[in-house]
């Protein structure tokens with residue numbers, strides 16, 4: 001019982017391993033749980049248990065992901081590891097496993113490979129804010145100069161995608177040696193150094209409740225004698241009776257005052273992130289607000305029609321399209337609580353997009369929707385999901 005209590009006093013941070021196939025992501029994940037369990041308690045998860053990752057669904061897409069946890073002196077980490085490259089792409093784009101930071105695993109023997117580059121680019125596109133590097137298999141490289149060279153290459157690659165390459169912590173070690181209990185510099189001590197790098201380089205994540213208030217509108221009712229009530233799940237922040245909010249998206253932005261906050265038919269002084277609430281709006285008519293808009297703290301979010309996005313297109317086996325799509329493709333984009341039709345513009349030199357591909361696209365919606373960078377969405381045709389995406393840049 002006491003242990004449960006103790007756990008919750010540590011700050012919770014979400015991380016994950018990224019990097020090229022066979023560079024040792026899963027071995028490192030196992031090593032982190034082993035060293036963490038030995039030093040701070042918790043459960044050791046063996047390689048095989050992590051590798052047999054269960055399938056889960058996120059936004060209609062099946063992804064294999066292994067979830068493990070471990071502790072350091074000051075934090076409790078929830079860590080995701082994916083068995084296949086396609087699972088990484090899907091995981092990062094759907095935000096199924098939101099990461100406060102990532103551990104880039106790169107083999108010292110091979111140096112950066114195509115997926116190393118692709119995962120760094122994806123991390124940049126989908127808004128993974130911090131990266132720490134583990135240079136794995138350091139026992140396979142005798143030449144110190146070669147290690148320096150690989151480290152330099154990794155730093156250059158990070159800088160190329162706007163991560164602070166020169167200031168990123170790079171820990172050299174061998175995940176396998178650490179798993180075997182090796183106490184030399186590249187064994188267990190390397191894992192301890194990596195854990196310390198996570199603690200110091202990844203800042204404390206901002207909690208949803210500390211961000212400005214935002215609630216997507218799910219339903220609108222008119223209550224006679226009281227006015228218009230808007231219901232939804234508060235995404236972030238806190239709302240109090242008397243607060244001014246903006247109604248953003250679909251039509252021109254307007255302002256109103258919240259005159260009541262209800263949960264489970266009880267009146268409250270305030271609602272906060274995670275609450276399913278009904279907000280009573282002063283002087284707002286039933287037809288002036290609709291599903292798909294958001295209520296937000298004034299000035300914190302704007303509506304946009306055009307944006308760039310990183311998208312993953314479902315394969316036929318996943319229940320997606322059976323045929324490719326071309327420039328000018330117009331599906332529906334499901335953002336927060338509504339479908340909005342939009343037109344897809346492919347990058348120069350890309351003729352078509354096949355089911356199973358991931359690609360950067362530009363989208364023009366028919367109506368403006370409240371969004372910012374990092375906003376997740378599903379791509380749908382006739383009510384079925386055919387893809388998933390994340391806004392990487394707002395244009396207009």
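Here the Cβ of each residue, glycine as well, is placed from N, Cα and C on the backbone.
Among the residue ranges 3-10, 11-18, 19-26, the one that Swiss-Prot annotates as region 'G1' is 19-26.
Ranges compared are 81-84, 85-88, 89-92, and Swiss-Prot records region 'G3' for 81-84. Ranges compared are 50-54, 55-59, 60-64, and Swiss-Prot records region 'G2' for 60-64. Segment annotation: Swiss-Prot labels region 'G4' over residues 136-139 (candidates 124-127, 128-131, 132-135, 136-139). Cα-Cα distance from residue 26 (Mg(2+) binding site) to residue 19 (GTP binding site): 10 Å (rounded to the nearest whole number).
Sorted by the number of other CB atoms within 10 A, the binding-site residues 25, 85 start with 85, the lowest.
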